[in-house]
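Asks: This structure is in structure tokens; I'll ask about it shortly.
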Amino acid sequence: MNASVRPDFEAIGAWVRPGAKVLDLGCGDGSLLRYLRESRNAFGYGVEIADEKIAACVRNGVNAIQSDLESGLSTFASHSFDYVILSQTLQAMRHTEEIIREMLRVGREAIVSFPNFGHLNHRLQVLAGHMPVSHDLPYQWYDTPNIHLCTLKDFEHFCATHGVEILERLVLHRGRRVRLLPNLLGSLAVYRLQARR
Amino acid sequence: MTSPPAQASTSVGIVTPQTAQFDTPIALRSGAVIPRYQLVYETYGELNAARSNAVLICHALSGNHHVAGRYTEHDKYPGWWDNMVGPGKPIDTNRFFVIGVNNLGGCHGSTGPSSINPETGKPWGSRFPLVTVDDWVETQARLANRLGIEQFAAVVGGSLGGMQALQWSITYPDRLRHCLVIAAAPKLTAQNIAFNDVARQAILSDPEFHGGDYYAYGVTPKRGLRLARMLGHITYLSDDVMGTKFGRILRSGTFQFGYDVEFEIESYLRYQGDKFAASFDANTYLLMTKALDYFDPTHHYESGHLSEALAPAKANFLVIAFTSDWRFAPERSREIVKALLDNERNVTYAEVKSTHGHDAFLMVDPYYHEVVRTYMGNIAL
């Protein structure tokens, strides 16, 4: 899998220490794990619920545990991973607070990426009276798996009020880093987090 | 990948069991020693020049060495896992050299209670010692030595077979590269042991059991074995599948107000029980259920932690459980997965949605078979 297909892969990969142990939640076909293994010599596991994606993980030669993220991470011991990654899945989670808490229990650090609902394009669509449909949010309101959309500001407020320390942030649009007005011009946010001490 | 020709057979075809004789005594976990014994086995596919493509299939409670293929052209039934093992099948015999073995204590040719004890010239009967999963692994390792296999590409098993595969990874961590543990558990629950004991009591209390030496009386404790199997069978199915298959259907359409067969499920269970009682040895059934009860890799460890027990394992694991399996529920497989995660072993866990209960591991399910096929296909030879 080419990292350019998922721009957050590259960002995540740059943060992952070589040889690190990672847990990828909602790992899909395992391409991020494979990418991290190939580019960072990382060792890890994915968690995934869908049958066809578990089969794809096996094909990709990565470890996958078939399980529902919503039922928690009880299979995983505390502080047993260097990084717990939730790549573009946060917005589809029902129990947002719990998953972030669990990530920070199991991992020394957490990496989260999500589409920024505050992006200009989304705001314009809302202003025009529609729920946004975009490259990053490619669903109609009635068929979207995304139930907890947020903006950068919302997420950062969440972190501040939930004992989560933001170690690093990377905001992207079409694979390029956005430094100016990120909550308006960035369509994809990637955060590196740890539990506040 | 090229697609197979249209008429490619997916059966290993006609197979013939073989016998390996062992004259070195084997000391069992129980302390008993068996001076010499034989194991019956079958092989499918070819061992490659590097001897790196051997796969051992461990059988379940009532299983044997006849995994795939047929004995004659008109053989009604193929081996017990014929849907899994064969050319082009998930465990592909075009690629792997597959071995099925009848465990020590079995009743399909390997030395067991119904075999002649050379010291007495009579069947072993009650004198046949209890064997454990560890003992089986030991005898299987000796068979591997005999066949020139230093390391298995994979050791595979379902149910009691899965326990053997797991034990292999602990006892001989360097002798298998992959371990497939299917519909298994790290040890039985009290409920499981209870079911096994009811099954045993059915056999032990049969008037024709004669303390295990029924061979001398020219009888077999068929009624007990039949009951034991009926009970076992109920626990291997699910309420759903029984409901769908049999429901409350009456054979004659009305109540007969008696104790003969009235409901279809009764007819089915009795038929299965009779079929089994006619082909299986009661002493072997007792012994295999005890092996199940005794299995507990944490037995040697004070902590009782499975993670500690699995620490020696080096293999890569595929663990598979089935959602409607209430005998060995998915939670039990997750205990194995958790212990492997604690040891940072490579492990993939698939939880297959199935209505077939414990028996699901013997059935064709596209997802289940795809996972095994893909996993086996990725094994480097």
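Here the Cβ of each residue, glycine as well, is placed from N, Cα and C on the backbone.
Pulled from TrEMBL, these are the listed features:
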type	residues	note
ACT_SITE	B:Ser159	active site, nucleophile
ACT_SITE	B:Asp325	active site
ACT_SITE	B:His358	active site
BINDING	B:Arg229, B:Asp359	substrate binding site
DOMAIN	B:53-349	domain 'AB hydrolase-1'
SITE	B:Arg327	site 'Important for acyl-CoA specificity'
Asks: I need the nearest neighbour of B:His358 (active site) among the recorded positions B:Ser159, B:Arg229, B:Asp325, B:Arg327, using C-alpha distances.
Replies: B:Asp325
Asks: B:Arg327 (site 'Important for acyl-CoA specificity') has how many other Cβ neighbours within 10 Å of its own Cβ?
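Replies: That number is 22.
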Asks: What's the CA to CA span in angstrom from B:Asp325 (active site) over to B:Asp359 (substrate binding site)?
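Replies: Distance between the two Cα atoms comes out at 8 Å.
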Asks: Give me the non-local Cβ neighbours of B:Asp359 (substrate binding site): same chain, 6+ apart in sequence, Cβ-Cβ under 8 Å, ordered along the sequence.
Replies: B:Tyr236, B:Leu237
Asks: When you measure from the Cβ of the residue listed as 'active site, nucleophile', which residues in the chain that are at least 6 apart have a Cβ under 8 Å away?
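Replies: The answer is B:Ala60, B:Leu61, B:Ile182, B:Ala183, B:Ala184, B:Phe328, B:His358, B:Phe361.
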Asks: Could you check what DSSP calls the residue listed as 'active site, nucleophile' once collapsed to helix, strand or coil?
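Replies: SS state of the residue listed as 'active site, nucleophile' = coil.
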Asks: Looking only at the domain 'AB hydrolase-1' (B:53-349), report the model's average pLDDT.
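Replies: Summarising the domain 'AB hydrolase-1' (B:53-349) by its mean pLDDT gives 96.
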Asks: Helix, strand or coil by DSSP: which one applies to B:Arg327 (site 'Important for acyl-CoA specificity')?
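Replies: Assignment for B:Arg327 (site 'Important for acyl-CoA specificity') reads coil.
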Asks: Between B:Arg229 (substrate binding site) and B:Arg327 (site 'Important for acyl-CoA specificity'), what is the CA-CA distance rounded to a whole number of Å?
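Replies: Cα-Cα, rounded: 15 Å.
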Asks: Within 10 Å of the Cβ of B:His358 (active site), how many other Cβ atoms are there?
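Replies: Excluding its own Cβ, the number within 10 Å is 23.
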Asks: Across all the protein chains here, work out how many other Cβ atoms are within 10 Å of the Cβ of B:Arg229 (substrate binding site).
Replies: 23
